[in-house]
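Features of the protein shown, as given by TrEMBL:
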DOMAIN    102-260  domain 'CP-type G'
DOMAIN    111-258  domain 'EngC GTPase'
BINDING   THR150, LYS151, ALA152, ASP153, GLY202, MET203, SER204, GLY205, VAL206, GLY207, LYS208, SER209, SER210  GTP binding site
BINDING   CYS283, CYS288, HIS290, CYS296  Zn(2+) binding site
Amino acid sequence: MIDLKAYGLTEINEIPDGLLAGRVTELRRERFTVMTERGEVNAVLKGAFYHTAETRVDFPCVGDFVLVRYNESGDSLIDTLLPRRSKFSRADYSGHAAGFAKTILEQVVATNFDYVFILSSLNLDFNVTRIMRYLTQARQSGGQPVVILTKADLVDDYTLPLAEVAQSMPDVPVHAICSHTGMGLNELEAYLTPGKTVVFLGMSGVGKSSLLNALMEQDVMAVQAIREIDSRGRHTTTHRQLFMLPSGAMVIDTPGMRELGLFDADEGIRIGFADVEEWFTQCRFTDCRHQSEPGCAILAALAKGSLSHERWERYLSQQNENRFVQDKTSYLIEKNARNKYTAMWSKQTRKNGGHKR
Ligand SMILES: Nc1nc2c(ncn2[C@@H]2O[C@H](COP(=O)(O)OP(=O)(O)OP(=O)(O)O)[C@@H](O)[C@H]2O)c(=O)[nH]1
Ligand SMILES: [Zn+2]
């Protein structure tokens, strides 16, 4: 018998006959893995979910507590979604579920977590404003925010950024860690107690997989460098989405949670490149692609030298990854613009005898 308290189930009213309480540990398409007191079961939703759900918000996701009708010889049936104490959701434009949902505006990506670890890297792109924006998001989710400054080994002195965060958000705990050496991980033990659940929020590359691996004491997630080499995708070792740590705490890591980080990266770019985006307001056409349009303020600024080529290129490439996640069409338009621009510029550079202007 598995005690579901270990999985974070706190209170439960009387369970109707024939049903078992459980927690969703994995979700792929419409197939669920649910941990129950009888162990892990495969489950699908009972039909009523599809008939009565207004939006996908009403569908169970990873982290949810549910009641299942246990089936010994096949799929169990998820009968009831229990109330959530916290959740993260994202806008969903996929339309996959259009057949049974009227409006798909929100897709829940993780629920019933106790802590939101806001990860931010101490090297290059350390940015307190961005951390504050994540903090707002974390507070709205219902989880308790904790700021984690990663890659402490890459800076000479992390006490300054640490103090800066502490001063800007006095009521939020902040810790500096290094997942490679294990430095600072002991400070996280206070949160990672049995039955507690954590989610990680933060931009791509801040070290979410690395921290998860360090806490799991084994490689359950491929970190970026490895991923590029074997190109087999993110989940090389396991497809688990709710991880039980050796400490008895759990980490929810769903693709949707990772996308939240990317969405926010867009705002980070907007702030970091406000000077570039300022030019857009001066283009003659509001839908200017800044390629060859007449009256394009970007092209004019580039020609005059009031906007440097390097900065424009950096802006375009930073938009890149983020766009791809948000909207594949605009990503392709952007990519096209970038290629054209690079080709044009290198032609020009060659004309100038190899010197970039
Ligand atoms: N020096 C140093 N590098 C680190 C540390 N943690 C992570 N990294 C490196 O940072 C890169 C990104 O790490 P990941 O753990 O894949 O980052 P992520 O947040 O999971 O990225 P996404 O999967 O894109 O969301 C990798 O090259 C890691 O080796 C650290 O503590 N110190
Ligand atoms: Zn323009």
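Placed from the backbone N, Cα and C atoms, the Cβ positions cover glycine too.
Neighbours of SER204 (GTP binding site) among the binding-site residues CYS283, CYS288, HIS290, CYS296, defined as a Cα within 10 Å of its Cα, are absent: none qualifies. One way to see the shell of the Zn(2+) site is to take the Cβ centroid of CYS283, CYS288, HIS290, CYS296; the remaining same-chain residues with a Cβ within 8 Å of it are TRP279, PHE280, ARG284, PHE285, ARG289, GLN291, GLU293, GLY295, ALA297, ILE298, LEU299. With a cut-off of under 6 Å between the Cβ and any atom of ligand 1, the binding-site residues ALA152, SER210, CYS283, CYS288, HIS290, CYS296 reduce to SER210. Among the binding-site residues GLY202, SER204, LYS208, CYS283, residues whose Cβ is positioned under 6 Å from ligand 2 are identified as CYS283. Taking the Cβ of SER204 (GTP binding site) as centre and 10 Å as the limit, one finds 14 other Cβ atoms among all the protein chains shown. Closest by Cα distance to HIS290 (Zn(2+) binding site), from the binding-site residues THR150, ALA152, VAL206, LYS208, is VAL206. When other Cβ atoms within 10 Å of the Cβ of SER210 (GTP binding site) are tallied across all protein chains shown, the result is 21. Cα spacing between THR150 (GTP binding site) and CYS288 (Zn(2+) binding site): 39 Å, rounded to the nearest whole number. Look at the binding-site residues LYS208, HIS290 and count other Cβ atoms within 10 Å of each Cβ; HIS290 has the fewest.
Cα distances from CYS296 (Zn(2+) binding site) to the binding-site residues ALA152, VAL206, LYS208 are smallest for VAL206.
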